[in-house]
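Reading through the structure tokens given below for one structure.
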Amino acid sequence: MESFALHSLSTTATSASFSHHPSRLSILRRISSRSPPSTISLPSLPSLRSHSVQPLTFPLLKPIPRFSKRIAATPRDDTPSPTQSPSPQPPQGAKLVPLILSVSVGLILRFAVSVPEGVTPQGWQLLSIFLSTIAGLVLSPLPVGAWAFIGLTASIVTRTLSFSAAFSAFTSEVIWLIVISFFFARGFVKTGLGDRIATYFVKWLGKSTLGLSYGLTLSEALIAPAMPSTTARAGGIFLPIIKSLSLSAGSNPGDASSKKLGAYLIQSQFQCAGNSSALFLTAAAQNLLCLKLAEELGVVIANPWVSWFKAASLPAIISLLCTPLILYKLYPPETKDTPEAPGIAALKLKQMGPVTKNEWIMVGTMLLAVTLWICGETLGIPSVVAAMIGLSILLLLGVLNWDDCLSEKSAWDTLAWFAVLVGMAGQLTNLGVVTWMSDCVAKVLQSLSLSWPAAFGLLQAAYFFIHYLFASQTGHVGALFSAFLAMNIAAGVPGVLAALALAYNTNLFGALTHYSSGQAAVYYGAGYVDLPDVFKIGFVMATINAIIWGVVGTFWWKFLGLY
């Protein structure tokens, strides 16, 4: 769930052209800077940076003249010449064409399509506002939070919803769990704990390129449950490490040497990230959104953290173990051995010094939170209360301060737009619109005489590959998750199985293209992988993941009693 976190990234990746996806331009501009040859700085998310923590460096084993020449040849001069025309100012307010298209979707439905039998005028009007809101999330006439607020305002001004009904989702436990999870992510970056964990895995497993890939993959899987943004993990931790190691091995972005090491590590980490996010409920914010939307349709998953992990564990772990090896054969690196990597990691760990008090507090707090998430149902402690306890500990002991929370813009932005979508979806269910849609789909599927397993496979595949049309995982969930879940249920698919499978797919399709998710833009922007390779490997690995999850999941989910 990642597009909402894009604006908070700052990495050392190389910029790339991305003009046909304007929603990605900001992140690609921010990841365009390169470090000088003597050191590679490891940046963190700007919104998560602590002024008391010094930036860490990876010393390079070899100088890279190409960078030094480039730097020497590019004097810094911020003063425009007299003949230079001033740069054009960005347009103020909403972008006109996306605005017209987004509003038109709702107006056409409201006034050009008659209200069908079985739907109230109020429900039809709310559906038109909801579809305009979803269209705006895809077309981006305004930032996500701003457009969602306008949709909320429209629902109140038109008297479609009362004020209390429109704002009802702002008290949702799931939404506040997501917000607090962002604060945990800030703690991981501020203390340097996430960086330290990844560096240890490089030290232990980094003697070969394949071992290095497994080390980075396993470290992300370990960090994922406490850092609910694949984009933040990619930009704040793993891309800086990958780029530093690649440059040390003479693998530079944008030229033939990129295939020595960097291209393989980028592709491996990119393709594994979706499985890491699918493994844990709290590893990506869109996971929690999926469960909340499922709950609005009457699909309630008991003990969600444990249930999610149990169902995902076997297929996700098998995919995580297979992906680096498969890519090692399909997209082989020219450099097979990396004897320098453990030494670089050891030197970096030496620079970091011993584990700090704040890092130990972070470790203890996250162990407590995860334990309460696992045992919460037995102890009578909801997941959000467990997260609140953890955050309170971090605030009381000074690992985080209130300014850290206030400056975590992604958390508050998510609270705003997420609550609006969840609230509208819930009201659509209450007004009978979702039931009407389910009945229509059920009639179509019955006319085709499809069994529920066949309908399940067809709908899951359609939901997955439609993502080629989306540049946001959360936008995809908001637009299609409820509809596809309703179609699955109408076709006779068990509700919990359908909801979990759609949610897992939401993570896996994040590696389809260079615009399919926030982390996709980060890794592609590093400049190591050519665009045709992104599409080719994305499709091939999507097919392989579908086979692994389909075959393993069929037996594993039957064993767990999901169907």
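Glycine is treated like the rest: Cβ placed from N, Cα and C.
Curation plays no part in TrEMBL annotations; they are all automatic predictions.
Since this is a predicted model, take the numbers as computed values, not measurements.
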Among ranges 125-149, 300-324, whichever one TrEMBL labels transmembrane segment: 125-149
Region pair the transmembrane segment (450-470) / the transmembrane segment (414-438), three or more CB pairs under 8 Å: no
Stretch of maximal Cβ-Cβ contact with the transmembrane segment (414-438) [cut-off: under 8 Å; candidates 96-113, 161-185, 380-402, 477-504]: 161-185
